[in-house]
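Chemist: Let me begin by handing over the structure; questions about it come next.
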Amino acid sequence: MPEGPEIRRAADNLEAAIKGKPLTDVWFAFPQLKTYQSQLIGQHVTHVETRGKALLTHFSNDLTLYSHNQLYGVWRVVDTGEESQTTRVLRVKLQTADKTILLYSASDIEMLTPEQLTTHPFLQRVGPDVLDPNLTPEVVKERLLSPRFRNRQFAGLLLDQAFLAGLGNYLRVEILWQVGLTGNHKAKDLNAAQLDALAHALLDIPRFSYATRGQVDENKHHGALFRFKVFHRDGELCERCGGIIEKTTLSSRPFYWCPGCQH
């Protein structure tokens, strides 16, 4: 599943394609959304926001399209009039004079009013987004030490969107390698230096992954230039200590780590 950096890059692509342009055609697959088709003609997308792995497309009439891709959903940008070559099932079409954005295969799609946006169950449940530039290491440290999270093992905590939105398995793996910790640690057991390093890594690594999107290399995760240190590198040498990277399972997800320098 794409993680926060990949979702944010997708949002950037959607914004670049249609932001500020009048919508000339709107289509929704789900019957409960069809009533909004005529309401959106002539309106425009003001911005596309991410909350972890959810995407919020905001319109000029104050409506917001909520979508969560889950495992299978994908957004695509095409020239208006062009057919997208795919066997996926189309769920949403937002068309402007020159560009059209298409959402395929997703099932978690809703239209929200401003009031509903503030009370949506998923949006209320998720924690601060790691790509939010206003989120600081100090705030992350406070969350790590809060009664709600301080006794949680990192193996599960770093996958919990209620802790920090936008983290996922590859980020969990890379963050813990960066700070030299295994997944069985808890925030309450760390010393001040470890806690500080973890708080910074929880923001620095997702933001670096997002920022290095300039070129595409299909051999790297979701086309990002972000280079894995341990993820999917089991059996290879650790570049930090020369140990052999191993693969195991933590919180029902594959976990990659170096026994030589992660303790």
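Every residue gets a Cβ built from N, Cα and C, even glycine.
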Chemist: Which range, 19-53, 54-88, 124-158, 229-263, does Swiss-Prot list as zinc finger?
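Modeler: Among 19-53, 54-88, 124-158, 229-263, the range Swiss-Prot annotates as zinc finger is 229-263.
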Chemist: When neighbour density is defined as the number of other C-beta atoms within 10 angstroms of a residue's C-beta, which of the recorded positions Lys53, Arg125, Arg253 has the lowest density?
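Modeler: Sparsest of the recorded positions Lys53, Arg125, Arg253 by Cβ contacts within 10 Å: Arg125.
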Chemist: So the record assigns Gln70, Arg125, Asn169 to DNA. If I measure every Cα pair among those residues, what is the longest distance in angstrom, as a whole number?
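Modeler: If we measure all Cα pairs in Gln70, Arg125, Asn169, the largest is 19 Å.
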Chemist: For a three-state summary based on DSSP, what are the helix, strand and coil counts in the zinc finger (229-263)?
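Modeler: The counts are 0 helix, 12 strand, 23 coil.
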Chemist: Can you name the recorded positions among Pro2, Glu3, Lys53, Gln70, Arg125, Asn169 whose CA is within 10 A of the CA of Arg253 (active site, proton donor)?
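Modeler: Taking Pro2, Glu3, Lys53, Gln70, Arg125, Asn169 one by one, the ones whose Cα falls within 10 Å of Arg253 (active site, proton donor) are Asn169.
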